[in-house]
Each structure stands twice: as structure tokens, then as C-alpha cells.
């Protein structure tokens, strides 16, 4: 018999917490009947100032199968939290999870921009992506470099050699799930290699908290500026340069409203 789940949760606190967050968000999405257009990331919405979608798209899943696949893979990758003797561990896992979420989202948008502006492929302008797969594929790549003898366990019965798992999974999901975002998964792999090779390094508590602070600020301001959420205490006014906002805090009231305006639907990719 395997070890009780309780002990495994204690050994993978960060992974368990993220899985809990993703599952809670999935439950909320189902309860409120929220769709891809409300939380997904696309080039079109990013250009309209919906930068907050880089975060919401990463932690949101619409399909339960998509959620189960990603969380199953993430649970297996939680072994990274137990590799403190190799310079990994819980702190490393949390620091670079933040890096993977942000950089993979930005890289996807960069790829869309190149395809749209350089190659005139307008299809990618409205492709909407959701899911945690960018991060999952990034951690697959890092683990394949740090501990190539590991196995990736999926659904409790499928086992893949971690050294081939990123590209095996990339091809597998592209064939089995036509809507799977090849570029989204690829961006996670690229950022994962950049971290594993040391091209992105030096993250510690100070830099992680600083980065998180900027992410929270951009998240709040983009919610306000895109009229998605009305923060009564915050007002953004244009100054001489319209691209530079000036911020003024107002007295808080009780009239906060959440506006979930559906955007024009386009093609959907799950990541």
C-alpha cells in the first residue's frame, strides 16, 4: 500500500496549495457559468489592456478533463519540492512558479504578435487560451534536466520517462486534443529550459516578493483600466503622455461591482 495522502500533502505543500486553488477556481467557474471569454488570454484582449488575464488564464480551467490532466501531472511534478539537497525545494518551486506563469504568458503573446504582424496570420489575434499547462510543461522541462531518471506519473497508472516527457506530452496533447495550445505548451518548455540552464536565475525571497508586488499592482490597475472591476478607492487619470497613468485614491464606498462582459468569441485553445 502507498503512503497516506495526508503525508504526501505535507511533503508537497506548494503543489497541494496550487492544486487546491485551481480546483476552487474551476468550481467557481462552473457555479457562475463563466466562459473562456471571461478569463482567457488572447492577443486581442491583451492589446485592449486586459493584462490581468495572464494570471486568470493560467489558473482557470473550463473542462474537468483539462483540469484533471494538468493537476495529475502537477502532482507528480511536486517531487521537486522534496529535492532541497539539489538546490530545489519548496522556496525554489514557489519562486520559479511565479516566473513561469508570467514569462510563459508574455512569451505566448510575443509569439502571437510575431505571427500576426510578420506573417499576417490573423487567426491568432482572437485565439483564447486557458489552463495551467504552460507551468506544467515548464516544470517537466526543469525536472528532466535536474533529475533525468525521474518518472512522470499521470492519472495514477500512466508513467513516462521525464527526460522525454515535455516533448512526448507536447505531441500527445496536440494529436489527442486538437484544441490544445501548441504555442502555449511550447512557451512553457522554452522558459523551463531557460531556468534549467541558468539563463534565468537569482530568484530569492526578496526578488520573488518584489515581482509579486508588481504583478499585483499591474493586475489591479489593468482590472480598473479595462473597466472589468470597479475599485471605488482608485481612479486612473491620463497625464501628458496618455500611455502613462496617474493614480489617485478616493474614499472607499460600498458600490464595488464585478463586470463580466463577454468579449467577441474567437477560437479557443487550452493550455
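Including glycine, each Cβ sits where the backbone N, Cα and C put it.
TrEMBL does not curate its annotations; it predicts them automatically.
Small disclaimer: the values here were computed from a predicted structure and weren't measured.
According to TrEMBL, the features are:
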TRANSMEM  12-29  transmembrane segment
DOMAIN    49-200  domain 'Peptidase S54 rhomboid'
TRANSMEM  50-73  transmembrane segment
TRANSMEM  93-116  transmembrane segment
TRANSMEM  123-142  transmembrane segment
TRANSMEM  154-175  transmembrane segment
TRANSMEM  182-200  transmembrane segment
TRANSMEM  206-223  transmembrane segment
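Of the two recorded stretches, the transmembrane segment (12-29) lies close to the transmembrane segment (93-116), with three or more CB pairs under 8 Å once pairs fewer than 6 apart in sequence are set aside. Taking the domain 'Peptidase S54 rhomboid' (49-200) as a whole, pLDDT averages 92 in the prediction.
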